[in-house]
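Q: I have a structure here, written as structure tokens, and I will follow up with some questions on it.
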Amino acid sequence: MLSEPEVAPLHGGFKEGWVWVPDEKEGYLAGWVAKEGINNERVVEGEIIMAAGAKVKTMPFHALSQMNSTELDRVENIGELEFLNEASVAHSLKLRYASGEMYTYSGLCLISINPYVDLPLYTDDIIQEYRGKRCDQNPPHIFAVAELAWVNLVETGESQSIVLTGESGAGKTENTMQAVQYLVSITTRPVNTAVPATGGFEPSNVQHQGTFLTGKENSTINTTSILPLKLKEQLLQANIILEAFGNARTARNENSSRFSKLVRVAFTKNGSFVGVYVDWYMLEKSRVVARSEIEQNFHVFYMLLEGEGWRDTLLLQAGTQEYEYLKKPQEIDGVDHRQKWHLLKNALDIVGFTFDEQLDLFRVMAAILHIGNIDIFSDRAAQAQIKSNVALENTCKLLGISPQSFSQSILRPRVFTSQVWITLTRTRQQAIEDLNALCKTMYEKVFGFLMERINRALDGPKFNSSFIGVLDITGFEMDRINGFEQLCINYTNERIQQFFNHHTFVVEREEYMRESVEWPFVDFGIDLQPTIELIGATGNNGHTGILTCLDEEFVRLGATDTTFTSKLHAMWALTAPKEEKLVHISQSKYTPAQFSKGFIIQHYAGRVEYQTDGWLVKNKDLPNDDIIRVMVKSNNQFVSDLFLGLVGVGGLEVQNTVAFGNMKEQFVKRPFKTAAQRHKADLAELTAALQVTRPHFVRCIVPNRYKKPYDIDVPLLLEQLRCNSVVEGLRISCLGFPDRLHFNQFRRRYELFAPGSTRGYMDEHDACLRIVNGLGLNKSEYCIGTSKILFKAGVLAKLNKQRNSSLSDMFSRFQAAARRFIARRQFVASTYDLLASYMAGRQHFKYIPLARVAQSGSPRKCASARFDLVFM
């Protein structure tokens with residue numbers, strides 16, 4: 001590291017000192033300001049000597065970032081940095097990660113960087129270290145966040161949430177499981193085990209001696225609940241099942257979660273464990289039938305082809321290239337699907353799936369693969385026809401349906417209008433779309449069945465209980481080609497980011513109100529509202545968002561992807577001005593794409609270009625009603641139950657009146673939901689669940705694309721810091737007074753700057769006031785509240801540096817005095833030793849003659865010798 005950099009602001013520039021210089025390859029490099037340029041009496045640029053290679057650059061000062069002192073290089077909370085800029089944050093994270101510290105606090109958030117190596121961070125011993133401790137009593141960790149959430153739940157009775165965000169491969173799922181495991185583990189405390197103070201950053205008045213005082217006298221926590229080890233094992237095995245059916249290889253991650261989940265760990269009001277319930281949202285079911293060339297389908301399909309003893313039963317052949325839905329890309333090197341198949345079967349057994357249930361599950365999965373191989377062609381009249389092939393027969397055998405009825409529902413579906421049945425003809429494209437919609441629907445229904453059975457095994461209540469929800473959502477995506485799925489994912493992330501911004505504002509406001517400090521309250525959640533309106537506006541207020549516009553075009557005859565895109569340009573391009581301010585701002589977020597059919601949106605994480613090819617087809621969420629009726633009549637009860645709830649959705653509901661085959665049916669219209677409507681409904685349910693909680697945020701980071709431990713690609717890190725709004729979150733806090741200390745803490749730490757003026761008993765408020773006056777701080781740099789003193793960003797860091805310098809000087813003087821005292825004592829002691837030695841030697845030589853005379857035996861000589869000894 002560079003030696004003792006000295007950096008300070010200088011009216012638009014820097015004095016001579018170390019700074020961060022932007023670099024395209026490395027992100028930022030260290031440089032020394034050697035010379036300042038002057039232009040119109042303002043410092044605007046300077047010559048920078050680069051630390052790497054001693055090159056000289058001339059840079060404008062607005063492009064440079066101030067460097068912190070070396071003592072702040074590896075702070076556990078980057079909010080404590082004196083200079084909060086991207087370069088300093090990235091540098092601190094890089095140094096911590098290189099030393100094996102994957103967790104770092106960032107104000108109200110925890111940053112987690114994927115270590116790409118197994119670290120001993122989640123053992124039972126580590127759990128014991130974090131149990132009952134405040135966040136500032138241990139290094140940053142996901143366990144500390146989970147402990148804080150649990151203590152807050154018990155103290156306030158308010159449900160909590162831990163929201164994990166980050167791009168694919170950042171470690172969200174692993175952190176989710178570790179947080180859940182910790183919350184489950186802490187409920188096994190034995191009776192009368194002390195539960196230490198609250199897990200927050202601030203000291204707590206809560207005391208624990210076998211009971212948990214919550215402000216109400218004799219209010220206690222029941223710490224006697226013992227969790228069976230079976231439930232912990234079921235949690236681990238449930239994760240294996242969810243990975244098989246909910247994860248897939250993407251361009252950036254070989255095991256990417258393609259759905260969002262909220263794991264609710266339920267507790268009683270006094271903190272006793274009740275159970276676990278998993279809510280799931282926004283499954284990317286379109287992946288079953290289509291994805292980019294370098295991505296794969298869900299893992300379970302590849303495992304299924306390695307199922308020894310099952311392939312014959314499921315009428316499958318080995319080899320992914322035999323199936324249209326699996327043909328591209330090639331297999332991933334080093335992935336043993338056969339081993340994963342055995343792990344999946346074992347997990348299903350442990351969670352409680354019977355053999356018949358497993359057989360039904362895999363029959364539907366195999367049927368999806370066969371449906372993808374059904375060969376549909378156009379005849380001379382441009383009508384769809386099915387070639388007689390094995391795929392159709394295998395599909396019908398597995399699903400327990402009639403091949404004739406199934407073919408008819410695809411090629412000549414019947415619809416009921418005004419008490420009359422009408423037979424429609426289908427084009428090849430329409431028939432393929434119906435088959436794809438059938439596969440997506442079956443997969444989603446099977447996934448829902450899996451989740452229902454897992455929740456039954458975990459035995460957790462969904463409602464009427466306090467809970468800590470751990471949210472794992474698909475991260476923001478900004479790929480080379482972005483489509484409908486990426487828009488839905490990024491829309492979700494916009495809403496979650498708005499939730500974070502709003503929560504940050506709420507927490508800050510509550511703190512300032514408690515301290516009776518005036519602060520210009522600005523709800524930063526509204527910063528993202530224009531983009532949210534652009535995507536999700538329903539049209540009720542006269543504004544039609546992208547998803548609503550897609551729904552309108554979906555039901556309009558003759559609509560195509562091109563007409564949909566043109567309609568968006570007409571509504572949202574800046575060339576179509578609106579009167580409302582919000583709409584005008586939203587327009588500035590939208591730009592038509594120049595070289596493709598699509599548009600560009602300015603998200604909080606950056607500009608993303610979306611291509612609209614195939615959006616109308618993807619918005620179709622269900623097959624035609626005739627196919628659904630055929631499925632309901634399946635002789636396989638499992639298949640029939642999957643579709644029973646869909647009969648009549650957007651079409652006709654089976655009851656008893658009108659003849660249809662051997663059945664009598666009456667048909668009633670039910671509301672139909674498109675894929676866009678389903679996504680918005682899921683998102684609304686998710687945000688409603690979060691709104692009733694007090695959130696804690698974890699930002700997960702991918703360190704590099706080549707998965708090398710302890711190595712950070714700084715440009716990639718900076719991109720994610722921007723996407724996760726890490727620096728933005730700190731900026732929100734830093735607009736006010738982000739650094740805070742209780743009066744007694746401040747007095748104890750800094751009263752050395754006001755010697756003598758705070759001696760004896762004194763009101764803490766007055767003592768702090770005398771100290772800050774002694775420090776000579778500007779009144780704009782601090783504010784004194786009712787119980788704390790608050791500082792602007794960087795002020796506390798400056799005081800700490802000044803305090804360290806004073807303490808260093810004080811200790812040097814103390815050590816000098818101590819050494820002087822010790823040396824004087826040693827000198828005096830050595831002087832006495834020398835004198836004693838001299839006297840002993842002198843006496844020795846005097847006694848020798850006496851001893852010799854005594855040996856001679858002459859009394860007269862003895863008397864003479866004694867006389868000489870005494871008087872001579």
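Glycine too: its Cβ is placed from the backbone N, Cα and C atoms.
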Q: Quick one: which of 223-245, 637-659, 683-705, 775-797 does TrEMBL have down as region 'Actin-binding'?
A: 683-705
Q: Cβ under 8 Å, sequence separation of at least 6 from the ends of the region 'Actin-binding' (683-705): give me the contacting residues as numbers and ranges.
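A: Same-chain residues near the region 'Actin-binding' (683-705) but 6 or more away: 93, 97, 106, 108-114, 116, 142, 145, 148-149, 152, 156, 158-167, 169-172, 175, 252, 260, 262, 279, 281-282, 469, 471, 475, 491-492, 495, 499-500, 503, 711-713, 716-717, 720-721, 724, 726.
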Q: Which are the residues of the chain, Gly166, Glu167, Ser168, Gly169, Ala170, Gly171, Lys172, Thr173 excluded, whose CB is within 8 A of where the CB atoms of the ATP site average out, their centroid?
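A: Along the chain, the qualifying residues are Asn114, Asn253, Ser256, Gly475, Cys700, Val702.
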Q: I'd like the per-state residue tally for the region 'Actin-binding' (683-705) from DSSP, helix first, then strand, then coil.
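A: Here the numbers are 9 helix, 8 strand, 6 coil.
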Q: Per-residue pLDDT averaged over the domain 'Myosin motor' (73-804) comes to what?
A: 83
Q: Considering the binding-site residues Gly166, Gly169, Gly171, which residue's Cβ sits among the greatest number of other Cβ atoms within 10 Å?
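A: Per the Cβ count within 10 Å, the most buried is Gly166.
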Q: Under DSSP, is Thr173 (ATP binding site) part of a helix or a strand, or is it coil?
A: helix
Q: Around Lys172 (ATP binding site), which residues of its chain at least 6 apart sit with Cβ under 8 Å of its Cβ?
A: Leu164, Thr165, Gly166, Ser257, Asp472, Ile473, Gly475, Val698, Cys700
Q: Please report the number of other Cβ atoms within 10 Å of the Cβ of Glu167 (ATP binding site).
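A: Other Cβ atoms found within 10 Å: 25.
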